[in-house]
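Q: Here you go, one structure.
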């Protein structure tokens with residue numbers, strides 16, 4: 001009986017990890033001078049290793065997702081270009 005309870009608890013723990021929502025981390029930067037805005041990415045495909053393209057006041061950068069909301073994913077689109085944006 002104890003092994004069944006353990007198996008159920010283990011399964012629930014695994015599912016909560018797999019099914020938990022993921023978000024871009026909240027940026028610690030609140031403002032940026034226009035001449036310092038630089039996009040390292042425009043979409044998630046521009047990032048490596050499972051990181052996402054996240055929008056910050058200083059441009060889009062690749063960051064690993066977190067389980068805490070607050071950040072914003074980059075919108076991308078045809079007008080998005082990598083490099084300095086000015």
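Even glycines carry a Cβ here, placed using N, Cα and C.
Pasting the feature list from Swiss-Prot:
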DISULFID  24-54  disulfide bond
DISULFID  32-58  disulfide bond
DISULFID  41-53  disulfide bond
DISULFID  42-80  disulfide bond
DISULFID  47-62  disulfide bond
DOMAIN    21-66  domain 'WAP'
SIGNAL    1-20  signal peptide
Q: Under DSSP, is residue 42 (disulfide bond) helix, strand or coil?
A: coil
Q: Non-local Cβ contacts of residue 41 (disulfide bond) (under 8 Å, 6 or more apart, same chain)?
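A: For residue 41 (disulfide bond), the qualifying residues are 47, 53, 60, 61, 62, 74, 82.
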Q: If I restrict to non-local contacts, at least six residues apart, and a C-beta distance under 8 angstroms, what lies near residue 80 (disulfide bond) in its own chain?
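A: In sequence order, the residues whose Cβ lies under 8 Å from that of residue 80 (disulfide bond) (at least 6 apart) are 39, 42, 43, 60, 74.
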Q: Give the distance between the Cα atoms of residue 32 (disulfide bond) and residue 54 (disulfide bond), rounded to the nearest whole Å.
A: 15
Q: Between residue 58 (disulfide bond) and residue 24 (disulfide bond), find the distance joining the two CA atoms and give it rounded to the nearest Å.
A: 15
